[in-house]
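See structure below.
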Amino acid sequence: MDRVSSASNVFPTGRDDITGQFGLIWQVLKEPLIVPALKLLVVVCLGMSIMLFIERVYMGIVIVFVKLFGKNPNKMYKWEPMKDDIEVGNSAYPMVLVQIPMYNEKEVYQLSIGAACGLSWPSDRIIIQVLDDSTDPAIKSLVELECQRWASKGINIKYEIRDNRKGYKAGALKEGMKHSYVKQCDYVAIFDADFQPEPNYLWRTIPFLVHNPEIALVQARWKFVNSDECLMTRMQEMSLDYHFTVEQEVGSATYAFFGFNGTAGVWRISAVNEAGGWKDRTTVEDMDLAVRASLKGWKFVYVGDLKVKNELPSTFKAYRYQQHRWSCGPANLFKKMAIEIVKNKKVSLWKKCYVIYSFFFVRKIVAHIVTFVFYCVVLPSTVLVPEVSVPKWGAVYIPSIVTLLNAVGTPRSLHLMVFWILFENVMSLHRTKATFIGLLEIGRVNEWVVTEKLGDALKGKLPAKATKKPRIRIRERLHFLELCAGAYLFFCGCYDFAFGKNRYYIFLFLQSIAFFIAAFGYIGTFVPYS
């Protein structure tokens, strides 16, 4: 027994050996490398937090002034209702093209085509153009039949297809503008396949363009028809409501510039042509066109009280793809256009600063990076490295104020603020990754995956499948990055609870749970596999 005991002391177990080696490596690297690196990251993240904080406070102040002093589009620009002219008849009304780009939109194509055909405007002064890039022959046939059905009712509707998907949406819109009948049109309204404009949409928007020759774009607000479908759609509503209520409103009221949302807007065709038309160099062709048109001196108007119904992505898979495109594209566009914006001589210095610093750098890059790196990497790491600390104003006060300012757009969801914070931190992982992909132009930089729309499909499937347990494909539902992030945060939470003094463990445990929920796919609407 003594010999065995002494042997075990001389030869430690493999696990103890590995643990000891890891601890030794940690101590060797900690002082000279890890501590200085973490201190630097804290300083950088605090700097970015201050930038984001100033941006949010600035926009908050501006939006208060806009609301108090009634600086709305109708007062800033000339707006008069369109009137009949007995002498010239309908020729007094401008010719309007309505474009509906779509790709395998089986669930929603009837809604969008029906809404576009229901727009109130002189029938001989409007052309509905359905740009169908569908690769499914069955869906293609259904869309074509729907167009023929409306054409039989006297609607001037064109069904256009092409033999490839080059340029994706930008390519389809560009091809659509090449048709001979478009030459007679003055303005083009664009609606994605799940958007349903009200009949008076053109009566509300076209007068801005008719009476103000300096205006290139009139953008309406989105209204989400499925925001109450699940908790994930409620979280999306909170983020997008801030974008429309504050960001778009402030941009329109101060610099007459904001990012075109890609849909629910009307463009002056001459402005589109002067800006160089649609380009497919990034996955945000809408923002690309808006920036180029703005650099030509054109102005934009945002009409916040004009709302167009649309659908939020309700499956986690669809939302992740959408957020990749929305984060990667702007970063990539910023890289491509930063020098061009600086060298531009048609717009003021203040407007160039606004576009480069506020619109691009802070909102499209800093906001994504600081959310993930600071709150999901740096802050948890300070638990393991007590030599590095984060001041309370940076860890608590600034993020609390920024969160409150973000929440003003959706007062009805204030009670969901904690869930929104956790959800946004989870999504910041993908947004940060996509932002770096866009800046470095690597990997999936030009990946374009059309956001899946469910329409009424799920409503029709659920009753029939309610009694059956759906088959779960683990590979499709398990997300490795979220799993790793959740494991790291949970480990940091346990360490803080046992040995730390920061008392971050409540946040760390909650955030790790949020990452685990996302990692195993238990977020959003679950669509049973057929």
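Cβ coordinates are placed from backbone N, Cα and C, and glycine is handled just like the others.
Curation does not apply to TrEMBL; its annotations are automatic.
What TrEMBL records for this protein:
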- 187-384: domain 'Glycosyltransferase 2-like' (DOMAIN)
- 40-69: transmembrane segment (TRANSMEM)
- 354-375: transmembrane segment (TRANSMEM)
- 395-423: transmembrane segment (TRANSMEM)
- 478-498: transmembrane segment (TRANSMEM)
- 504-527: transmembrane segment (TRANSMEM)
Best-contacting stretch, by C-beta pairs under 8 Å, relative to the transmembrane segment (40-69) and drawn from 354-375, 478-498, 504-527: 354-375
Maximum Cβ pairs under 8 Å to the transmembrane segment (395-423) - stretch from the list 354-375, 478-498, 504-527: 504-527
Same-chain residues near the transmembrane segment (504-527), Cβ under 8 Å, at least 6 residues beyond its ends: 229-233, 313-316, 319, 375-376, 379-380, 383, 418, 422-423, 425-426, 429, 454, 458, 461, 470, 476-480, 482-483, 485-487, 489-490, 492-494, 496-497
